[in-house]
Amino acid sequence: MDTPLTRNTSSASLSSLEYEHDMDRHQMFDFLDHLSLTTQLTKTIPTKARQKASEIKDAAIRQRNKIKGNQDIDRLRQQMIRQMEKMETRLGTATAINSTEKYTFAIGLVTIFFIGYVMGHAPEYLHVIYTVLFCFLMPIRAYTYRKKEYHYFLADLCYFVNFLTLLYLWVFPSSERLFISCYSLTTGTLSWAVITWRNSLVLHSLDKTTSAFIHIFPPVLFHVIVHVLDQDYKAHRFPGAVKVESWKMVQGLVWTSIAYAIWQALYHFFITIRRKDKIRAGRVTSFEWLRRSYSKTPLGKFVNGLPEPFPVVAFTAIQFGYQLGTMLFCPIWYSYGYLSGCFMTFILFTASYNGATYYIDVFGKRFQKELQLLQAEVAQWQDTNQMIISPNLMPNMAHPEKKSAQSVWLKDIEDDGHPTAYQENKDVSDIKL
């Protein structure tokens, strides 16, 4: 039997539908609320993460700066230690050099007095003394020049003349031609080179003493052979000198020119030609040194302005003309012993005067610069020590891109090895060590 629909039943059904509709509406709002919360969390988490990362980054930067500051202090401490070691090394080297120079000066002075004594009392032994000194000094000169890459200077004319002198003394003492060549080259080129190239007799310097020896001793030796030795001994020991009773200019020019030509041929073959690549790479020769030293003079401009290879030819011709010019006085020196002795004295006086100039001008200024450099190192060490003790006094730690005047000055000392801030005319008495 079908149940009739009543009004109450309809109302209840409507209420039920409304309730279900409210439930559905609440469930949808709850879902939207959850979706909104998820979206909010999605936005909040990266922000918090970025903030946390920023905090971690800031902490890392602070720690890095702290470590960096410690590293800077360690760097300054190591720099101070290096400066102290450098100062100790410099002072120790200076002390050793001063001791060596004292002995060199004393030995050189005694040697000069001894040579003078032998010339007056036993001139027949002077050539022995020359040979002994030559064999002692030349190996040292060869070693030092090789170390400094100056060994091409050992092929110059002055060394060739000393070699010819040894040949005459011990191998060919009877050769008249070799004697003429040696006498012309020693009393000519070597003697006048002391005046031309300002050779200095600086006894504390073994290098300068050697240069003075190879230019002064050979002409003095031949002066003794010609004018001092006993005739009987000279005829027995150096018969080549006895054969030349009087000096003949033409004969002297011919044999000396032949000796000069032999030296030039050997020099250009072994040095100019066979060592041209090393010369281009920077090895110094006497010719290259003269080209640079006299480049501003009219003669130097003329020689340097010539196309290759004519500068070498011009230099050879000028040097040969210089040799012939110095030989013009050989007849006077050979004929008059008194004038020859005066000339030898003048050469020795010139070398001594150049040595005195070196002591006063060059050596004095060099000593002043050494004191200034030492004062600069002491000041740098004091500043570095102060910065290590008080890091707040370091003006460039926070801003490394900004360099104070003091740091630039210290950098100049480290780069150049000498203080650029000092004036050349600074009084030495102002230096405090």
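Placement of Cβ uses the backbone N, Cα and C atoms for every residue, glycine included.
Just so it is clear, the model here is predicted, and its values are computed rather than measured.
Pulled from TrEMBL:
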TRANSMEM  103-119  transmembrane segment
TRANSMEM  125-143  transmembrane segment
TRANSMEM  150-172  transmembrane segment
TRANSMEM  178-197  transmembrane segment
TRANSMEM  209-229  transmembrane segment
TRANSMEM  249-270  transmembrane segment
TRANSMEM  302-324  transmembrane segment
TRANSMEM  336-360  transmembrane segment
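Sequence-distant contacts of the transmembrane segment (336-360) (same chain, at least 6 residues past either end, Cβ-Cβ under 8 Å): 187, 191, 194-195, 198-203, 208, 212, 215-216, 219-220, 223, 226-228, 329. Only pairs six or more apart in sequence are counted, and the transmembrane segment (302-324) with the transmembrane segment (178-197) gives three or more Cβ pairs under 8 Å, enough to call it a contact.
Beyond the ends of the transmembrane segment (125-143), by six or more residues, the same chain brings 111, 114-115, 118-119, 151, 154, 162, 165-166, 169-170, 206-207, 209-210, 213-214, 217-218, 221, 224-225 to within a C-beta distance below 8 angstroms of the stretch. Among residues of the same chain six or more beyond the transmembrane segment (103-119), those with a C-beta under 8 A of the stretch's C-beta atoms are 125-126, 129, 133, 203-206, 209, 220, 224, 228.
Only sequence-distant pairs (6 or more apart) were considered; of these, at least three Cβ pairs between the transmembrane segment (209-229) and the transmembrane segment (178-197) are under 8 A, so the stretches are in contact.
Sequence-distant contacts of the transmembrane segment (150-172), counting only residues of its own chain at least 6 positions beyond either end whose CB sits under 8 Å from a CB of the stretch, comprise 127, 130-131, 134, 141-142, 144, 178-179, 181-182, 185-186, 189-190, 193, 214-215, 218, 221-222, 238, 240, 259-260, 263, 266-267, 270-271, 275, 279, 283-286, 319.
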